[in-house]
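Peer 1: Okay, handing you the structure first.
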Amino acid sequence: MTHRELRPYERALATEPAADGRPAEIVILTNRNGMRISIADTGATWLSCELPLADGVRDVVCGVADSAGFARQTAYFGATVGRFANRIAGGGFTLNGQFYPLACNEGTTCLHGGTDNFSHRRWQIRRRSADSVTFSLYSPDGDQGFPGNLTAEITYQLTPENEVRLTYRTQTDKACPVSLTNHAYFNLAGENSGVKVTEGDMQIWADKRLGLNAENLPDGTLCPVAGTVFDLRVRRPLAQGFMSEAAQRQTKGFDHAFVPDPALCDGKQTVAAYWSPAGDVCLEVATTMPCVQLYTGNYLGGQPGKHGDYQDYAGLALETQYFPDGPNHPHWPDAVRGISAAGERRESVTVYRFVF
């Protein structure tokens, strides 16, 4: 891959030093249909997703223009986050009778793994082929307050069916909460279109969502979506009823964890789908994880983008993960809390399928 084959923002990241003094290494994957994605080793970050449409190539993943933007942005654009995606409340968690204080980055809340989480770290490229690349990261015992030496891998694969298939593998030598996710923001009208994602349609096959307290942290309840603005079981415009309920105004939009029927979470069946406003592109999500966090980019305003700063609602994230704050809710089933046992090897799969 020569720099001449890179897009301007990819070339900038590949030539300008990152936080550790070295430029990013960029990996390009393409398929026989002309779809193209790019990934950087810094943060194992999904940089772009170009779809070959009838009216031209459309990049539908938000990102930054250069290394300065990568360092400045706080939106986790396309990054692999961890050790624990989403929020852990109360400054830490108790596991097996011991309290583990964490490196909190939202007051007394640990978001996406702490102040120095995986999103800006240099991941190692372990394997690559024509259609896939695997990154790995080692996180030592005590990193950001979490127990155990952790090894993590993520494989990006671009399939002939226009799927971006993400496979996560983790192992830790002590019991520890582990929940990795990808934080890509999608705008199916084009990341530089200026179109708000609320203008598209959404469907999520979930009867319940996690309830939130006044601090936007899980309160331990599962709330039925029926009869509320969170009822997305049938395809409808996201703008319909948007901000009409206090539970949504509190977060300035959607920033909620939806809980599909576990039988759907097999990595094959669609649990969420989003359509561009014109209806010419659909994104379908399948996963083996127990919940999907829908975030409509409520605070993207002022974040550096590929072509200038983004506005609020410029992209939406569909983050597959274990239940947010799972370590602090022992009454929840173990299958949703994200606690890895010592020596346990875990693997999860999330598939983003683009239909166009």
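Keep in mind that glycine also has a Cβ here, set from the backbone N, Cα and C atoms.
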Peer 1: If TrEMBL says ASN86, ARG87, HIS183, ALA184, TYR185 bind beta-D-galactose, which of ASP255, ASP261, ASP266, ASP280 does it name for the same site?
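Peer 2: So, going by the record in TrEMBL, that would be ASP255.
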Peer 1: Taking just the CA atoms, what is the gap between ALA184 (beta-D-galactose binding site) and GLU319 (active site, proton acceptor) in Å?
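Peer 2: Per the Cα atoms, ALA184 (beta-D-galactose binding site) and GLU319 (active site, proton acceptor) stand 8 Å apart.
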Peer 1: For each of the recorded positions (ARG87, HIS183), count the other CB atoms lying within 10 A of its CB, then report the residue with the highest count.
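Peer 2: Neighbour-count leader: HIS183.
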Peer 1: Among ASN86, ASP255, GLU319, these being the recorded positions, pick the one whose CA is nearest to that of HIS183 (active site, proton donor).
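Peer 2: Result for HIS183 (active site, proton donor): the nearest of the recorded positions is GLU319.
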Peer 1: Per DSSP, to which secondary structure element type does GLU319 (active site, proton acceptor) belong, with helix, strand and coil as the options?
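Peer 2: GLU319 (active site, proton acceptor) sits in a strand per DSSP.
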Peer 1: Near GLU319 (active site, proton acceptor), which residues of its own chain have a C-beta under 8 A away, given they sit six or more steps off in sequence?
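Peer 2: The answer is ALA85, ASN86, THR181, ASN182, HIS183, VAL292, GLN293, TYR295.
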